[in-house]
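TrEMBL has this to say about the protein:
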{"type": "SIGNAL", "residues": "1-20", "note": "signal peptide"}
{"type": "DISULFID", "residues": "26-37", "note": "disulfide bond"}
{"type": "DISULFID", "residues": "35-52", "note": "disulfide bond"}
{"type": "DISULFID", "residues": "186-216", "note": "disulfide bond"}
{"type": "DISULFID", "residues": "240-270", "note": "disulfide bond"}
Ligand SMILES: *[C@@H]1O[C@H](CO)[C@@H](O)[C@H](O)[C@H]1NC(C)=O
Ligand SMILES: *[C@@H]1O[C@H](CO)[C@@H](O)[C@H](O)[C@H]1NC(C)=O
Ligand SMILES: *[C@@H]1O[C@H](CO)[C@@H](O)[C@H](O)[C@H]1NC(C)=O
């Protein structure tokens, strides 16, 4: 991966012919905290990454190129760089826009195993080739947060199980957006004993069936929060059924930015996890409060929907904190409607939703 060159360049720097003509691809802020590299040049000066060595937060973009050329470094004996890696202040790392051989990715994770990195983000990556045999004991970093956005794996649906074997246990937050494959084989997946937050937002193709398959039974025993924004969910009760089938017991569930429809009459009722206390149904195109919601909640967000009248108490669960902003019935009640609509549109943009969704949301607010 890109950081492997970065680490290895430290050792190999004297051998490299550093060109001084091109503008510096890397920039370190004045506080020595954040360092961002963008290697867009056709012949990037990789050694520029050297200045990121003191940073706490490093972001590296590979300009979409293949990192095959660095594969020869994958065999480097860790002893040659352990001390350097141990001395790094690096805590958060983002690597994006590159094609990475799986062998290099694994070497990179092994190297980071000696670091104090706790948040790793991979985005817009294509991981090529198959993963090598996993080590007997996980040798990679002890991450608390792993975020993946638009990462494709030549190894297909086995990717999470394979990646997991290189990470030390203890992961608390896992974000997977724009996944190319979420059809994991549950048997191969190890239990995520400490995982409290699973965010599968921005996977519009997932759907309720996909959800039931992803939430491998007994693999997420500590799950507290499940985010499913823009994940192709269709009805709250369909989601409830998927949670029940998987035996997960989240406290907080985010179903915002899905186009939810009313539960078909006669559909089987579902018993929600008893721990569920917070449900977000914001921006879900709802014209009425869906039936079959949990009977008691501490938070229910119904903002930015299409409710044309105020919900009657008997339609709502017992809820201590209810949000109804940005619904048409409020426009009729007070004339500050443009203000409400702006709030909905802004929150949509702020969550980084796809352009289409923003447009839909905008159109919805204009109606
Ligand atoms: C990297 O640089 C290219 C070209 O200058 C630009 O289009 C791209 O947005 C930059 N990427 C990041 C993450 O800054
Ligand atoms: C996803 O990542 C690939 C590189 O692997 C890139 O070519 C593509 O533009 C990315 N897609 C989006 C929507 O960013
Ligand atoms: C519900 O989701 C929306 C959109 O994703 C977000 O703006 C809002 O803050 C969430 N509500 C709560 C109470 O967290």
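Glycine too: its Cβ is placed from the backbone N, Cα and C atoms.
The structure, with features from TrEMBL marked on it.
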residue : record         : contacts (Cβ under 8 Å, 6+ apart)
26      : disulfide bond : 35, 36, 37, 38, 48, 49, 51, 52
186     : disulfide bond : 213, 216, 217, 219
240     : disulfide bond : 270, 271, 272, 292
(request) Could you find out if DSSP has residue 270 (disulfide bond) as helix, strand or coil? (result) coil
(request) For the disulfide-bonded residues 35, 52, 270, work out the Cβ neighbour count at 10 Å and name the residue with the minimum. (result) 270
(message) For each of 37, 216, count the other CB atoms within 10 A of its CB; which of these disulfide-bonded residues has the top count?
(response) 37
(request) Using DSSP with the three-state reduction, classify residue 216 (disulfide bond) as helix, strand or coil. (result) coil
(request) Determine, from DSSP, whether residue 52 (disulfide bond) sits in helix, strand or coil. (result) helix
(message) Quick check: in three-state DSSP terms, what is residue 26 (disulfide bond)?
(response) strand
